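Visitor: Let me begin by handing over the structure; questions about it come next.
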């Protein structure tokens with residue numbers, strides 16, 4: 001078995017917290033490969049029905065995991081998704097849960113066209129730290145970290161921290 005030369009990173013958090021913005025920029029700065037699970041599912045039609053209440057397709061989690069497994073074993077992946085307990089624990093070296101102020105999140109989601117129950121449930125998800133708790137249950141506590149994601153300054157600070165972590169990981173594992 002060959003050694004992993006690059007780490008796998010999970011960026012997770014409620015929709016609208018800035019995972020995609022952070023992930024794409026992080027990939028540019030680190031040379032790691034970025035994958036947005038929503039885009040991957042859409043491209044491969046990795047769905048298992050449609051949720052009428054939330055007006056969105058239902059992810060076929062098993063097919064997503066099958067689709068990604070080989071790349072994850074190779075390493076060097078940044079995965080962006082609003083859930084985290086569907087992924088095997090062995091995939092990730094570190095997990096970042098992005099957190100956003102509720103008022104700001106509400107505005108971001110509204111601007112994406114979220115309304116009614118979908119909007120309320122996502123804001124409540126952030127208020128009750130649902131994704132953070134999910135991450136703490138799914139992964140070793142020491143690899144799960146919360147990051148504030150409210151401003152461009154937070155974005156830059158998060159990028160610097162994760163780039164620094166990635167560089168250190170690569171030194172330690174090569």
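Each residue's number is its place along the chain shown, starting with 1.
Just so it is clear, glycine is given a Cβ too, placed from its N, Cα and C backbone atoms.
From TrEMBL, here are the annotated features:
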BINDING   16, 18, 19, 20, 21, 112  ATP binding site
REGION    36-59  region 'NMPbind'
REGION    111-121  region 'LID'
Visitor: In sequence order, which same-chain residues at least six apart have a C-beta under 8 angstroms from residue 16 (ATP binding site)?
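Guide: When sequence neighbours closer than 6 are ignored, residue 16 (ATP binding site) has 100, 105, 108, 109, 112, 114, 122 within Cβ distance under 8 Å.
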Visitor: Is the region 'NMPbind' (36-59) packed against any residues at least 6 beyond its ends, judged by a Cβ distance under 8 Å, and which are they?
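Guide: Non-local partners: 20, 23, 67-68, 79-81, 86, 117-118.
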Visitor: Looking only at the region 'LID' (111-121), what is the mean pLDDT?
Guide: 95
Visitor: Would you mind checking how many other C-beta atoms are within 10 angstroms of the C-beta on residue 19 (ATP binding site)?
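Guide: 25, counting other Cβ atoms within 10 Å of residue 19 (ATP binding site).
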Visitor: Residues with Cβ closer than 8 Å to the Cβ of residue 20 (ATP binding site), same chain and 6+ apart in sequence?
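Guide: The answer is 36, 80.
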Visitor: Using the recorded ATP site (16, 18, 19, 20, 21, 112) as reference, state which further residues of the same chain have their Cβ within 8 Å of the centre of those residues' Cβ atoms, listed in sequence order.
Guide: 15, 17, 22, 108
Visitor: Using a 10 Å radius around its CB, how many other CB atoms surround residue 112 (ATP binding site)?
Guide: 13
Visitor: Going by a 10 angstroms cut-off between Cβ atoms, which of the binding-site residues 18, 21 has the sparsest surroundings?
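Guide: Candidates: the binding-site residues 18, 21. Fewest Cβ atoms within 10 Å: 21.
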Visitor: Would you give the longest CA-CA distance, in whole angstrom, between residues of 16, 18, 19, 20, 21, 112, the set recorded as binding ATP?
Guide: 15
